[in-house]
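The annotation Mg(2+) 1 binding site is assigned in TrEMBL to A:ASP7, A:ASP141. Annotation comment: TrEMBL describes A:ASP7, A:GLU68, A:ASP141 as active site. Annotation source TrEMBL lists Mg(2+) 2 binding site at A:GLU68.
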Number of protein chains: 2
Amino acid sequence: MRVLGVDPGLTRCGVGVVDSLPGRRARMAGVGVIRSDAGLTVDLRLLRIADGLEEWLDAHLPDVVAVERVFAQHNVASVTGTAQAAGLAMVAAARRGIPVALHTPSEVKAAVTGSGRADKAQVTKMVTRILRLDDPPKPADAADALALAVCHLWRPAGALHGGERHELTSAQRAWAAAEAAARRKG
Amino acid sequence: MRVLGVDPGLTRCGVGVVDSLPGRRARMAGVGVIRSDAGLTVDLRLLRIADGLEEWLDAHLPDVVAVERVFAQHNVASVTGTAQAAGLAMVAAARRGIPVALHTPSEVKAAVTGSGRADKAQVTKMVTRILRLDDPPKPADAADALALAVCHLWRPAGALHGGERHELTSAQRAWAAAEAAARRKG
(Lines of atoms letter the chains of each structure in order from A and count residues from 1; the text may use other names and numbers.)
(Lines give C-alpha, C1' and ligand atoms only; values in the text may rest on other atoms or scores of the structure.)
Protein backbone atom coordinates (compact mmCIF):
# COMPACT_ATOMS: atom_id res chain seq x y z
CA MET A 1 0.00 0.00 0.00
CA ARG A 2 1.21 3.48 -0.92
CA VAL A 3 0.16 6.49 1.16
CA LEU A 4 0.53 10.17 0.28
CA GLY A 5 0.74 12.17 3.51
CA VAL A 6 -0.20 15.85 3.30
CA ASP A 7 0.72 18.38 6.00
CA PRO A 8 -1.52 21.19 4.74
CA GLY A 9 -0.41 24.80 4.54
CA LEU A 10 -0.73 27.81 2.28
CA THR A 11 2.92 28.93 2.44
CA ARG A 12 4.40 25.44 2.73
CA CYS A 13 2.37 22.28 2.14
CA GLY A 14 4.39 19.19 3.08
CA VAL A 15 3.98 16.04 0.99
CA GLY A 16 5.47 12.62 1.63
CA VAL A 17 4.94 9.25 -0.04
CA VAL A 18 5.48 6.04 1.92
CA ASP A 19 5.10 2.41 0.83
CA SER A 20 4.35 -0.34 3.32
CA LEU A 21 6.73 -3.30 3.36
CA PRO A 22 6.28 -6.71 5.00
CA GLY A 23 6.87 -6.88 8.74
CA ARG A 24 5.71 -3.43 9.80
CA ARG A 25 8.44 -1.76 7.78
CA ALA A 26 8.04 1.18 5.45
CA ARG A 27 9.98 2.86 2.65
CA MET A 28 9.95 6.48 1.52
CA ALA A 29 9.04 6.91 -2.16
CA GLY A 30 9.19 10.71 -2.20
CA VAL A 31 9.12 13.81 -0.05
CA GLY A 32 8.81 17.51 -0.73
CA VAL A 33 7.13 20.80 -0.05
CA ILE A 34 4.70 22.67 -2.29
CA ARG A 35 5.22 26.38 -1.77
CA SER A 36 3.17 29.40 -2.77
CA ASP A 37 4.44 32.95 -3.12
CA ALA A 38 3.12 35.07 -0.25
CA GLY A 39 3.11 38.05 -2.64
CA LEU A 40 0.32 36.59 -4.78
CA THR A 41 -3.39 36.91 -4.04
CA VAL A 42 -4.91 34.05 -2.04
CA ASP A 43 -6.76 32.56 -5.02
CA LEU A 44 -3.55 32.21 -7.03
CA ARG A 45 -1.70 30.83 -3.99
CA LEU A 46 -4.40 28.19 -3.53
CA LEU A 47 -4.25 27.37 -7.25
CA ARG A 48 -0.50 26.79 -6.93
CA ILE A 49 -1.07 24.41 -3.99
CA ALA A 50 -3.87 22.60 -5.87
CA ASP A 51 -1.68 22.19 -8.96
CA GLY A 52 1.23 20.96 -6.86
CA LEU A 53 -0.98 18.35 -5.19
CA GLU A 54 -2.20 17.14 -8.61
CA GLU A 55 1.44 16.77 -9.70
CA TRP A 56 2.20 14.61 -6.64
CA LEU A 57 -0.90 12.47 -7.23
CA ASP A 58 0.04 12.03 -10.91
CA ALA A 59 3.63 11.16 -10.12
CA HIS A 60 3.05 8.72 -7.25
CA LEU A 61 -0.47 7.27 -7.71
CA PRO A 62 -1.13 6.65 -4.00
CA ASP A 63 -3.75 4.18 -2.73
CA VAL A 64 -4.73 6.51 0.12
CA VAL A 65 -4.25 10.20 0.88
CA ALA A 66 -3.70 10.94 4.60
CA VAL A 67 -4.30 14.56 5.57
CA GLU A 68 -3.73 16.24 8.91
CA ARG A 69 -7.06 17.02 10.53
CA VAL A 70 -7.32 20.79 10.96
CA PHE A 71 -8.81 22.19 14.15
CA ALA A 72 -10.14 25.72 14.16
CA GLN A 73 -8.99 26.12 17.76
CA HIS A 74 -5.29 25.87 16.85
CA ASN A 75 -3.27 28.68 15.29
CA VAL A 76 -6.27 30.91 14.67
CA ALA A 77 -4.26 33.31 12.53
CA SER A 78 -3.32 30.71 9.91
CA VAL A 79 -6.16 28.20 10.23
CA THR A 80 -8.06 29.50 7.22
CA GLY A 81 -5.22 28.87 4.76
CA THR A 82 -4.38 25.55 6.41
CA ALA A 83 -8.00 24.39 6.22
CA GLN A 84 -8.21 25.48 2.58
CA ALA A 85 -5.06 23.57 1.62
CA ALA A 86 -6.41 20.49 3.43
CA GLY A 87 -9.69 20.88 1.52
CA LEU A 88 -7.86 21.00 -1.81
CA ALA A 89 -5.99 17.78 -0.96
CA MET A 90 -9.27 16.06 -0.02
CA VAL A 91 -11.06 17.15 -3.21
CA ALA A 92 -8.12 16.18 -5.43
CA ALA A 93 -8.15 12.69 -3.92
CA ALA A 94 -11.96 12.35 -3.96
CA ARG A 95 -12.07 13.36 -7.63
CA ARG A 96 -9.75 10.42 -8.43
CA GLY A 97 -11.71 8.01 -6.25
CA ILE A 98 -8.81 7.74 -3.80
CA PRO A 99 -9.86 7.24 -0.15
CA VAL A 100 -8.97 10.06 2.25
CA ALA A 101 -8.01 9.59 5.88
CA LEU A 102 -7.74 12.35 8.45
CA HIS A 103 -5.37 12.02 11.39
CA THR A 104 -4.94 14.44 14.28
CA PRO A 105 -1.48 15.82 15.11
CA SER A 106 -1.46 13.88 18.39
CA GLU A 107 -2.36 10.62 16.60
CA VAL A 108 0.55 11.19 14.24
CA LYS A 109 3.01 11.99 17.03
CA ALA A 110 1.87 8.96 19.03
CA ALA A 111 2.19 6.68 16.01
CA VAL A 112 5.80 7.56 15.23
CA THR A 113 7.23 8.47 18.66
CA GLY A 114 4.95 6.70 21.14
CA SER A 115 3.90 10.03 22.68
CA GLY A 116 1.08 12.29 21.50
CA ARG A 117 2.95 15.26 22.91
CA ALA A 118 6.29 14.75 21.13
CA ASP A 119 7.93 17.86 19.67
CA LYS A 120 8.87 18.43 16.03
CA ALA A 121 12.48 17.36 16.56
CA GLN A 122 11.40 14.01 18.01
CA VAL A 123 8.98 13.42 15.11
CA THR A 124 11.70 14.19 12.56
CA LYS A 125 14.18 11.92 14.37
CA MET A 126 11.78 8.97 14.48
CA VAL A 127 10.66 9.43 10.85
CA THR A 128 14.32 9.40 9.80
CA ARG A 129 14.89 6.19 11.75
CA ILE A 130 11.67 4.40 10.70
CA LEU A 131 12.24 5.12 7.00
CA ARG A 132 16.03 4.50 7.29
CA LEU A 133 16.84 7.84 5.69
CA ASP A 134 20.43 9.07 5.39
CA ASP A 135 19.45 12.59 6.44
CA PRO A 136 16.48 14.05 8.33
CA PRO A 137 13.82 15.38 5.94
CA LYS A 138 13.60 19.19 5.93
CA PRO A 139 11.71 21.40 6.48
CA ALA A 140 9.53 20.15 9.36
CA ASP A 141 6.47 20.19 7.06
CA ALA A 142 8.09 17.51 4.88
CA ALA A 143 8.92 15.35 7.92
CA ASP A 144 5.36 15.81 9.20
CA ALA A 145 3.92 14.65 5.88
CA LEU A 146 6.01 11.46 6.06
CA ALA A 147 4.92 10.98 9.69
CA LEU A 148 1.27 11.26 8.58
CA ALA A 149 1.80 8.56 5.97
CA VAL A 150 3.54 6.27 8.49
CA CYS A 151 0.77 6.95 11.01
CA HIS A 152 -1.78 5.87 8.43
CA LEU A 153 0.07 2.65 7.60
CA TRP A 154 0.39 1.80 11.29
CA ARG A 155 -3.11 2.84 12.33
CA PRO A 156 -5.31 0.39 14.23
CA ALA A 157 -7.41 -1.78 11.88
CA GLY A 158 -10.69 -0.20 10.82
CA ALA A 159 -9.58 3.36 11.56
CA LEU A 160 -9.49 4.51 7.92
CA HIS A 161 -12.26 7.03 8.43
CA GLY A 162 -12.12 7.30 12.18
CA GLY A 163 -14.78 9.71 13.31
CA GLU A 164 -16.45 9.94 9.92
CA ARG A 165 -19.90 8.59 9.26
CA HIS A 166 -20.99 6.39 6.36
CA GLU A 167 -17.66 4.85 5.57
CA LEU A 168 -17.42 3.97 1.88
CA THR A 169 -15.54 1.12 0.26
CA SER A 170 -13.02 1.90 -2.49
CA ALA A 171 -15.55 0.67 -5.06
CA GLN A 172 -18.24 2.99 -3.70
CA ARG A 173 -15.80 5.87 -3.78
CA ALA A 174 -14.73 5.15 -7.35
CA TRP A 175 -18.40 5.05 -8.30
CA ALA A 176 -19.13 8.33 -6.51
CA ALA A 177 -16.17 9.97 -8.26
CA ALA A 178 -17.25 8.61 -11.66
CA GLU A 179 -20.78 9.87 -11.10
CA ALA A 180 -19.41 13.28 -10.17
CA ALA A 181 -17.30 13.30 -13.35
CA ALA A 182 -20.36 12.38 -15.42
CA ARG A 183 -22.29 15.25 -13.81
CA ARG A 184 -19.49 17.64 -14.72
CA LYS A 185 -19.47 16.51 -18.35
CA GLY A 186 -23.27 16.34 -18.62
CA MET B 1 -20.25 43.02 -15.87
CA ARG B 2 -21.46 39.72 -14.44
CA VAL B 3 -20.57 38.70 -10.89
CA LEU B 4 -20.98 35.29 -9.27
CA GLY B 5 -21.39 35.75 -5.52
CA VAL B 6 -20.50 32.79 -3.30
CA ASP B 7 -21.61 32.51 0.33
CA PRO B 8 -19.36 29.57 1.25
CA GLY B 9 -20.53 26.63 3.31
CA LEU B 10 -20.15 22.86 3.47
CA THR B 11 -23.81 22.03 4.11
CA ARG B 12 -25.26 24.88 2.05
CA CYS B 13 -23.14 27.01 -0.30
CA GLY B 14 -25.13 29.98 -1.61
CA VAL B 15 -24.56 31.11 -5.21
CA GLY B 16 -26.02 34.16 -6.93
CA VAL B 17 -25.34 35.72 -10.33
CA VAL B 18 -25.92 39.43 -10.85
CA ASP B 19 -25.42 41.59 -13.97
CA SER B 20 -24.74 45.31 -13.73
CA LEU B 21 -27.07 47.58 -15.69
CA PRO B 22 -26.62 51.27 -16.55
CA GLY B 23 -27.42 53.75 -13.77
CA ARG B 24 -26.37 51.74 -10.73
CA ARG B 25 -29.02 49.14 -11.39
CA ALA B 26 -28.55 45.38 -11.31
CA ARG B 27 -30.37 42.29 -12.53
CA MET B 28 -30.36 38.77 -11.13
CA ALA B 29 -29.26 36.12 -13.65
CA GLY B 30 -29.50 33.14 -11.32
CA VAL B 31 -29.60 32.09 -7.69
CA GLY B 32 -29.33 28.79 -5.86
CA VAL B 33 -27.74 26.70 -3.18
CA ILE B 34 -25.24 23.88 -3.60
CA ARG B 35 -25.85 21.31 -0.89
CA SER B 36 -23.82 18.38 0.35
CA ASP B 37 -25.12 15.39 2.25
CA ALA B 38 -23.99 15.58 5.88
CA GLY B 39 -23.92 11.76 5.92
CA LEU B 40 -20.98 11.59 3.50
CA THR B 41 -17.31 11.87 4.45
CA VAL B 42 -15.84 15.38 4.28
CA ASP B 43 -13.82 14.70 1.13
CA LEU B 44 -16.93 13.64 -0.81
CA ARG B 45 -18.90 16.59 0.58
CA LEU B 46 -16.19 18.98 -0.60
CA LEU B 47 -16.13 17.28 -4.01
CA ARG B 48 -19.87 17.85 -4.33
CA ILE B 49 -19.41 21.55 -3.51
CA ALA B 50 -16.50 21.83 -5.96
CA ASP B 51 -18.52 20.17 -8.73
CA GLY B 52 -21.51 22.40 -8.05
CA LEU B 53 -19.32 25.51 -8.27
CA GLU B 54 -17.93 24.31 -11.61
CA GLU B 55 -21.48 23.85 -12.90
CA TRP B 56 -22.37 27.44 -11.92
CA LEU B 57 -19.21 28.79 -13.56
CA ASP B 58 -19.94 26.80 -16.73
CA ALA B 59 -23.56 27.91 -16.88
CA HIS B 60 -23.07 31.62 -16.14
CA LEU B 61 -19.51 32.53 -17.22
CA PRO B 62 -19.02 35.34 -14.71
CA ASP B 63 -16.42 38.11 -15.15
CA VAL B 64 -15.65 38.12 -11.42
CA VAL B 65 -16.23 35.73 -8.53
CA ALA B 66 -16.98 37.48 -5.22
CA VAL B 67 -16.50 35.29 -2.14
CA GLU B 68 -17.28 36.08 1.47
CA ARG B 69 -14.05 36.57 3.39
CA VAL B 70 -13.88 33.92 6.12
CA PHE B 71 -12.60 34.87 9.55
CA ALA B 72 -11.31 32.17 11.84
CA GLN B 73 -12.65 34.11 14.83
CA HIS B 74 -16.29 33.66 13.78
CA ASN B 75 -18.27 30.45 14.24
CA VAL B 76 -15.30 28.38 15.31
CA ALA B 77 -17.26 25.13 15.06
CA SER B 78 -18.02 25.48 11.34
CA VAL B 79 -15.14 27.69 10.15
CA THR B 80 -13.12 24.80 8.74
CA GLY B 81 -15.82 23.70 6.28
CA THR B 82 -16.67 27.29 5.43
CA ALA B 83 -13.03 28.14 4.74
CA GLN B 84 -12.65 25.01 2.63
CA ALA B 85 -15.71 25.82 0.51
CA ALA B 86 -14.40 29.37 0.04
CA GLY B 87 -11.04 27.95 -1.02
CA LEU B 88 -12.68 25.71 -3.62
CA ALA B 89 -14.52 28.71 -5.09
CA MET B 90 -11.28 30.69 -5.28
CA VAL B 91 -9.35 27.86 -6.96
CA ALA B 92 -12.14 27.17 -9.46
CA ALA B 93 -12.12 30.84 -10.48
CA ALA B 94 -8.32 31.15 -10.54
CA ARG B 95 -8.03 28.04 -12.73
CA ARG B 96 -10.25 29.78 -15.31
CA GLY B 97 -8.36 33.08 -15.05
CA ILE B 98 -11.39 34.77 -13.46
CA PRO B 99 -10.52 37.48 -10.89
CA VAL B 100 -11.57 36.78 -7.31
CA ALA B 101 -12.73 39.43 -4.85
CA LEU B 102 -13.17 38.89 -1.13
CA HIS B 103 -15.68 40.97 0.82
CA THR B 104 -16.30 40.89 4.56
CA PRO B 105 -19.82 40.27 5.89
CA SER B 106 -19.98 43.85 7.20
CA GLU B 107 -18.93 45.26 3.81
CA VAL B 108 -21.72 43.27 2.20
CA LYS B 109 -24.34 44.38 4.72
CA ALA B 110 -23.26 48.01 4.44
CA ALA B 111 -23.35 47.87 0.63
CA VAL B 112 -26.94 46.63 0.40
CA THR B 113 -28.58 48.05 3.55
CA GLY B 114 -26.40 51.05 4.48
CA SER B 115 -25.48 49.44 7.82
CA GLY B 116 -22.64 47.00 8.49
CA ARG B 117 -24.66 45.56 11.35
CA ALA B 118 -27.89 44.78 9.48
CA ASP B 119 -29.51 41.42 10.22
CA LYS B 120 -30.26 38.66 7.71
CA ALA B 121 -33.89 39.75 7.26
CA GLN B 122 -32.80 43.27 6.31
CA VAL B 123 -30.23 41.96 3.83
CA THR B 124 -32.83 39.71 2.19
CA LYS B 125 -35.36 42.56 2.04
CA MET B 126 -32.91 44.96 0.39
CA VAL B 127 -31.61 42.35 -2.07
CA THR B 128 -35.20 41.64 -3.10
CA ARG B 129 -35.82 45.36 -3.64
CA ILE B 130 -32.51 46.13 -5.42
CA LEU B 131 -32.91 43.23 -7.85
CA ARG B 132 -36.68 43.83 -8.21
CA LEU B 133 -37.48 40.22 -7.39
CA ASP B 134 -41.07 39.01 -7.05
CA ASP B 135 -40.22 36.96 -3.96
CA PRO B 136 -37.39 37.07 -1.41
CA PRO B 137 -34.64 34.57 -2.29
CA LYS B 138 -34.48 31.61 0.10
CA PRO B 139 -32.67 30.28 2.02
CA ALA B 140 -30.60 33.10 3.58
CA ASP B 141 -27.44 31.66 1.98
CA ALA B 142 -28.88 32.34 -1.48
CA ALA B 143 -29.83 35.92 -0.54
CA ASP B 144 -26.36 36.44 0.94
CA ALA B 145 -24.73 35.26 -2.29
CA LEU B 146 -26.75 37.81 -4.26
CA ALA B 147 -25.86 40.50 -1.71
CA LEU B 148 -22.16 39.65 -2.19
CA ALA B 149 -22.50 40.09 -5.95
CA VAL B 150 -24.33 43.42 -5.53
CA CYS B 151 -21.69 44.54 -3.00
CA HIS B 152 -19.00 43.81 -5.54
CA LEU B 153 -20.74 45.75 -8.31
CA TRP B 154 -21.23 48.73 -6.02
CA ARG B 155 -17.82 48.66 -4.36
CA PRO B 156 -15.69 51.79 -4.35
CA ALA B 157 -13.41 52.03 -7.40
CA GLY B 158 -10.10 50.21 -7.02
CA ALA B 159 -11.34 47.88 -4.28
CA LEU B 160 -11.23 44.70 -6.38
CA HIS B 161 -8.54 43.09 -4.29
CA GLY B 162 -8.84 45.22 -1.20
CA GLY B 163 -6.28 44.12 1.30
CA GLU B 164 -4.46 41.85 -1.14
CA ARG B 165 -0.95 42.54 -2.32
CA HIS B 166 0.31 42.44 -5.89
CA GLU B 167 -2.96 43.07 -7.63
CA LEU B 168 -2.99 41.43 -11.06
CA THR B 169 -4.73 42.58 -14.20
CA SER B 170 -7.11 40.18 -15.94
CA ALA B 171 -4.45 39.58 -18.59
CA GLN B 172 -1.88 38.67 -15.96
CA ARG B 173 -4.36 36.33 -14.31
CA ALA B 174 -5.25 34.64 -17.58
CA TRP B 175 -1.54 34.18 -18.19
CA ALA B 176 -0.98 32.76 -14.70
CA ALA B 177 -3.87 30.33 -15.19
CA ALA B 178 -2.58 29.27 -18.62
CA GLU B 179 0.89 28.72 -17.19
CA ALA B 180 -0.59 26.64 -14.40
CA ALA B 181 -2.54 24.56 -16.95
CA ALA B 182 0.64 24.02 -18.96
CA ARG B 183 2.43 22.88 -15.81
CA ARG B 184 -0.38 20.40 -15.14
CA LYS B 185 -0.19 18.95 -18.64
CA GLY B 186 3.61 18.99 -18.76
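The first residue you see is number 1, and the count goes up from there.
Backbone N, Cα and C atoms are what each Cβ position is placed from, and that goes for glycine too.
Because TrEMBL annotations are produced automatically, they should be read as predictions rather than curated entries.
Projection of TrEMBL feature records onto the structure.
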residue  : record                : Cβ within 10 Å
A:ASP7   : Mg(2+) 1 binding site : 29
A:GLU68  : Mg(2+) 2 binding site : 26
A:ASP141 : Mg(2+) 1 binding site : 24
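The two recorded residues A:ASP141 (Mg(2+) 1 binding site) and A:GLU68 (Mg(2+) 2 binding site) have their Cα atoms spaced 11 Å from each other. The separation of A:GLU68 (Mg(2+) 2 binding site) from A:ASP7 (Mg(2+) 1 binding site), Cα to Cα, is 6 Å. In the three-state DSSP reading, A:ASP7 (Mg(2+) 1 binding site) counts as strand.
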